[in-house]
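K.L.:
To start, I am sharing the structure in question, which I have written as structure tokens.
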């Protein structure tokens, strides 16, 4: 088995590092270059879509089992998952995204041993961040009471939050491992691990909830068990022979350069968190409208549909980041530019397909979620905004992937802060309450004032980018980070 993986890894490295402009010099036409780049891209995007959908499904299954226990249990688990875990998940995932820059560029430069060192540094940084974030779980009950949640929901949410702590620490290993493998084009391994974890999750949910009747604690424990199964599979594969070039064992070298690594990780975390929290603010603002129940229900349905579809652009985010980082690390600025064009174009085509689909089925898309006439009518009215949100999201995450692959995280963090919170939120508030447009005004203001402006700025930066200069910066970055361990 390991021999096969070695051959596959060797072939992947050759395919991954062969640049588009080299193909052109060999006499291949534009069509051949597009096909080659598409194959490289979808070797990352395809498994990434599967892994993300599988992980998302584990959460849905957990909430489905919780719903059979009672409304109180469902409310408690939903609050902890969406608020406490959601907050920490976004921050830690963003911090781990620094590896997409460093590992991707190091792999492109053929400095393979550095990938293992970078991953160990990420483990250290994320572990200490996890420890610092523990109060968000320990003090869940008093925080929810302070925010006005009913006492019974706040008390049970506090119990749920404590039992989610093992999941919290699973993120420490899981996120760096995923990016470590992703940058080597070993995404099929993460897909297989996610599939096994999903099967385990379904079986353990049935055993703990229906079989052993462990209630809400058993329901929460299942998600932690499933995540740790996933982590152990990835860890064993990565450290026990699956990655012989990039994993050379635990090293004291990982203890050097931690401050620089922390700064890049923090920039990545802030960049993604500002996006993640933005849409949570949308739901909170909607909850303060008149007829809030209908507004929140309809918006939640739209967000659920958008969430499923977002798995595709987020996979392109991962794929684009790796491809751009690999090409820049190899000193191929033209290849990075070509990879960006191919990725944005293909993601946009998929986005246009879903845009048309939502526009055609605007009065039917909510049937699977609700039978309430009022909710169905509200979703129908919101479907136009949903369609344009899906369309914008087919481009924006891909451009963010370009930023990650190029190491622009700190700049994008400032752009996100300005667009989302200085333009989008105030405009949403003005349109929602000032112009009395309700949830349509809030969503419209935040989408066209925040997301659209951010997308235009990122598009402008990407189009004006000097890719050869970025390749030189990548080379300097690799040499700098390599020198920190000498």
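Just so you know, glycine gets a Cβ as well, placed from its N, Cα and C.
Keep in mind the model is a prediction, meaning the values are calculated, not measured.
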K.L.:
Kindly point out the range from 439-461, 462-484 that Swiss-Prot annotates with transmembrane segment.
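P.N.:
Among 439-461, 462-484, the range Swiss-Prot annotates as transmembrane segment is 439-461.
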K.L.:
Can you tell me which parts of the same chain pack against the transmembrane segment (216-236), counting only residues 6+ beyond its ends and a CB-CB cutoff under 8 A?
P.N.:
58-59, 62, 65-66, 69, 73, 76-77, 80, 156, 159-160, 163-164, 166-167, 170, 173-174, 177-178, 181, 189-190, 192-194, 196-198, 200-201, 204-205, 208-209
K.L.:
Given pairs 6 or more apart, does the transmembrane segment (384-404) have at least three Cβ pairs under 8 Å with the transmembrane segment (299-319)?
P.N.:
yes
K.L.:
Go through the chain and flag residues at least 6 beyond the ends of the transmembrane segment (153-173) whose CB is under 8 A from any CB in it; none is fine as an answer.
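P.N.:
For the transmembrane segment (153-173), the nonlocal Cβ contacts are 72-73, 75-77, 79-80, 84-85, 88-89, 92-93, 123, 126-127, 130, 133-134, 136-138, 140-142, 144-145, 216-217, 220-221, 223-224, 227-228, 230-231, 234-235.
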K.L.:
Kindly say whether the transmembrane segment (41-61) and the transmembrane segment (189-209) touch, using the definition of 3 or more Cβ pairs under 8 Å where each pair is 6 or more positions apart.
P.N.:
yes
K.L.:
For the transmembrane segment (407-427), find every same-chain residue at least 6 residues outside the stretch whose CB is under 8 Å from a CB in it, and list them.
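P.N.:
Apart from its flanks, the transmembrane segment (407-427) reaches 97-98, 101, 105, 264, 267-268, 270-271, 274-275, 278, 281, 400, 445-451, 453-454, 457-458, 461, 473-474, 477.
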K.L.:
Given the transmembrane segment (349-369), which of the listed stretches 124-144, 299-319, 439-461 has the most Cβ pairs that are under 8 Å apart from it?
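P.N.:
Selected stretch: 299-319, with the most Cβ pairs under 8 Å.
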